[in-house]
Each structure stands twice: as C-alpha cells, then as structure tokens.
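A.B. asks: The structure follows.
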Amino acid sequence: MPGTSVSDLPTTATAVDAPALLPLPVGRPQAPALVRGKLYIKTHGCQMNEYDSAKMADVLAASEGLELTDNPEDADVVLVNTCSIREKAQEKVFSQLGRWKALKAGGKPVIIGVGGCVASQEGEAIVKRAPYVDLVFGPQTLHRLPELIRARRESGKSQVDISFPEIEKFDRLPEPRADGPSAFVSIMEGCSKYCSFCVVPYTRGEEVSRPFEDVLVEVAQLAAQGVREINLLGQNVNAYRGAYGADAGEPAQYADLGLLIRTIAQIDGIGRIRFTTSHPLEFSDSLVDAYRDVPQLANYLHLPVQAGSDRILSAMKRGYTALEFKSKIRKLRAVRPDISISSDFIVGFPGETDADFDKTMKLIEDVGFDQSFSFIYSRRPGTPASDLEDDTPDAVKQARLARLQAHINAHAAGISQRMVGSVQRVLVEGPSRRDANELTGKTENMRPVNFPGNPRLVGQFVDVLITEALSNSLRGRIQLDDSAA
C-alpha cells in the first residue's frame, strides 16, 4: 500500500495520548507468482493456532511458493499445528504422525513438521520417538520455517527450534493477506498468570505485546483489502501494553487494549471489533469505557471465569473471587445493559465438592452467561495442579458437566428465541454452507444467521430481521429501509 498513511488518525482522549503514527511500511516479501509446491496444514486448538496456521501458509507462500491443498497426499510439506490444553494431546499428535509416515513411502521427499504447543513441550523427544519427522518448531518460531526447511534439505538432519525470540516472529512475517471480510490480528503472545492448571506460560512463554503502531499498520493493511471486522487475539489479550513513542527520542509510553480499540475504530473501513481471550484480572475500567464509547466494539464479551467457588478459584491461582468477577460484569452492564457474555468453565478440578460446584451454578445463574466452553479438568504434566489429589469419580464429573451445559444451553436458546422479531446488524461473510443460494454472517452476539440475498453483499454490513431461531443458528431476511422499498 505505497503512500498510505495512518498518521492522521484522530484519537479519543484517554489517560494515554496516542502517538504520531508513521506511514505504512512497504516492501515486505509477498507470495511469488510461481507455485513451486503444495502445503498441507492440520490445525488443532484455539483461535491463536488458527491465526498461526494462516501465517505459516503466508510465510511458505512468500518464500517457497507453496500453495495450500486439502489433501496431505498431494503435499510437499505437511504440518500439524498442535494444542496441549487437553489430556492425551501428545498421543493424538503421534497418531497423526504415524498416518503421515506413509507419505514418505517410495522415497518421496515430503517434509513433515510439528508446530504449536505440543512441539514446545516435547521438543527433541518428538524426533526421538518419530525419527521421520523433519521439523519441530514452536509458536514463536514459525517465521523461521523457510530456514528450517532449507537446513533440513541441505543437512539431511531433523531441525528443532522451540526457542522464544519474543517479538521477532511478527517482525519477519509477510504483509497480511485478507481472506474474507473478517480477520484475526495477534496483538500479543504468551501469558504470565501461571494458573495452576494451565500449560500456556510454559509453551508460549511470558506475555509480550506487539508495538502499538505495528498493530495499527496491520489493521490498516487489512482494511485496505476489504476487511470490515477485526478480531484481536492474545492468550491474555486484555493484558496488552503496546509500546510507542521511543523512536522520537522520548521514553516509551504504553497503550492498553482500550486505547488500541479506540484507535482501530477510527481506521477507515473497520465496522466491528472483537477481542479474545481475556482474563478477569486485566478487565479494566479503561476497557469498560471503551464499551461505553466505541460503537464498533461488538456487544459481546468472552471472559473465562473457570469456577464460581472462591476455594477452587484460589486453588486454580486465578487471582480473583466470584464476587469480584460479578462486580466487573455489573460495571460492564452499566454501560452495555444488553451485552452477551460467554465464559469458560472447568468442571471437576481436584478437590471440587458438590458445594463448590453449586457455587459455580449460582454464579452462572447470577451472571446469565449466553454461551460457554466447558470441560472436565484435564491433568497437564508439569503444572502445579497435576500434583493435587483428584478423588472425584468420573461419573460425578460427567454429571456436573452435563448439568452445567444444559443450564447454559437452555439460557442461550432463550436469548435466541427472544431475538426473533428483532433487527440485527450482520456482517455478510459469504454463501451459506447449507444453501449456496443464501448468505451467512454473524450477529454481534456471535450467532450465525442465514438469509436470502445477493452475493454482491459479501463484505458489507446489512440489517437482518430475525424470523426463526434454530438450535445452532438463526434465520432471517434483509430489512430494507424506506428508500430501498
């Protein structure tokens, strides 16, 4: 985007003054016109992994001329981007690798690589157990894939790089390429909270925020390509502290997530902003103020609470009480009364009693969560919680999980039903998967909506009258204003 600048972006006054922004950089490597091979990527886990996989594809398209394929048998490079959150993640990875071993039959020079959090945990052990694996790389070293591939081909030896080079990953990625009207932008990596059950600090490292201006540049580049919705990503996204100002000879200042959202909202073309995943400890008044002041900030929040018992929250090392969590929700609903709130829950944490679980259900009732990601506790090696005694029968854990999910699902169904007859602002994402003659998009509270419409509307916001609530989606029709009637 030569000549494009974000230096004149207006900013809203906050506790931190926004910096003077520089022109957008040009000249980062782009995909060559010549396709020189095929790439297959299997992705497990969170939205951050989805983002990382997209960046792997961009890096290898730009440097190696690799084009994505849906069939690993057609690929010259096959990668699995792993997740270590759930139990037996390692075994699932080795099972996948065992199936891929046959791809090398007959001497075909296929490169097999393992990335993501399991790669960070296991490192050299992956190659020792599966010597046909060519590459092992962590979330922070995916940008080094071209060098790792070349080193593997030149040396004939497997390459392992699971280091934590902090922000270097973002400095060396190609310019972003839009793939539809909604895009993810990673604004930070890692987590420094060290919850007792979680492996993320050990697999992705401590919290490191991208510089404020770098994030704005990426968003502006995506907006110029037609992106209308930005999803800001981080393991603890609301801990964001993006540096700015040091280049002018002044001490660096730091923008929080609230200021970042305010500034992104003033980039031409950006009509909706989301962020995930948050930690309640970092849910600040600045962020509440952003919900009050920034209409582009979606009327939706995902804020993982994990449990409603203070005793269990303390054992999890979450750093807050159930009352403190509810206080933050009350502040938010004072400025956005109808906001939809989703959360994460861990059921059956070591030592959880019936009374503890009842407190979780009470919290769910008090807050009125719209959606949830809920799981039975999974012991992760190397975490403090893995040493705790766990004497709750599996059947009890299963029953608790079913009860929790049934309650939240019933509440969510009620919200969907009450949306019938309302008009919702929807970003048209593309044709419906169920009916190619219809369009699909999402409401602000993350509900898929299918409706008849002209394909030329893809990438635009439209008002949709909701006519029916189904189990996992809504149906509607485009609401025309009087001038279009």
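Cβ from N, Cα, C; glycine included.
Residues or ranges marked as [4Fe-4S] cluster 1 binding site by Swiss-Prot on the basis of sequence analysis: CYS46, CYS83, CYS117. Positions annotated as [4Fe-4S] cluster 2 binding site by Swiss-Prot, on the basis of sequence analysis: CYS191, CYS195, CYS198. Sequence annotations record features per position, and here Swiss-Prot assigns domain 'MTTase N-terminal' to 37-154 based on sequence analysis. Swiss-Prot lists 177-416 with the feature domain 'Radical SAM core', giving sequence analysis as the kind of evidence. Look at Swiss-Prot and you will find 417-480 tagged as domain 'TRAM', backed by sequence analysis.
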A.B. asks: Within 8 Å of the Cβ centroid of the [4Fe-4S] cluster 1 site residues CYS46, CYS83, CYS117, which other residues of the same chain have their Cβ?
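C.D. replies: Near the [4Fe-4S] cluster 1 site, the remaining chain residues are HIS44, GLY45, MET48, ASN49, THR82, SER84, ILE85, GLY116, THR203.
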A.B. asks: Measuring Cα to Cα, how far is CYS195 ([4Fe-4S] cluster 2 binding site) from CYS83 ([4Fe-4S] cluster 1 binding site) in Å?
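C.D. replies: Cα-Cα, rounded: 17 Å.
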A.B. asks: Taking the recorded [4Fe-4S] cluster 2 site as CYS191, CYS195, CYS198, identify the other residues of that chain whose CB atom sits within 8 Å of the mean position of the site's CB atoms, giving them in sequence order.
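C.D. replies: Here the nearby residues are LYS193, TYR194, PHE197, VAL199, VAL200, PRO201, GLN235, ASN236.
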A.B. asks: Reported as an integer number of Å, what is the Cα distance between CYS198 ([4Fe-4S] cluster 2 binding site) and CYS46 ([4Fe-4S] cluster 1 binding site)?
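C.D. replies: CYS46 ([4Fe-4S] cluster 1 binding site) has its Cα 14 Å from the Cα of CYS198 ([4Fe-4S] cluster 2 binding site).
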A.B. asks: What kind of secondary structure is CYS198 ([4Fe-4S] cluster 2 binding site) part of, going by DSSP in three states?
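C.D. replies: In the DSSP reduction, CYS198 ([4Fe-4S] cluster 2 binding site) maps to coil.
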A.B. asks: Count the Cβ atoms, other than its own, that fall within 10 Å of the Cβ of CYS198 ([4Fe-4S] cluster 2 binding site), considering every protein chain shown.
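C.D. replies: For CYS198 ([4Fe-4S] cluster 2 binding site), the 10 Å Cβ neighbour count is 22.
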A.B. asks: When DSSP states are folded down to helix, strand and coil, where does CYS46 ([4Fe-4S] cluster 1 binding site) land?
C.D. replies: coil
A.B. asks: Give the sequence-ordered list of residues that share a chain with CYS83 ([4Fe-4S] cluster 1 binding site), lie 6 or more positions from it, and have CB atoms under 8 Å from its CB.
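C.D. replies: Counting only residues 6 or more apart in sequence, the Cβ neighbours of CYS83 ([4Fe-4S] cluster 1 binding site) under 8 Å are HIS44, GLY45, CYS46, ASN49, ALA89, GLY116, CYS117, VAL118.
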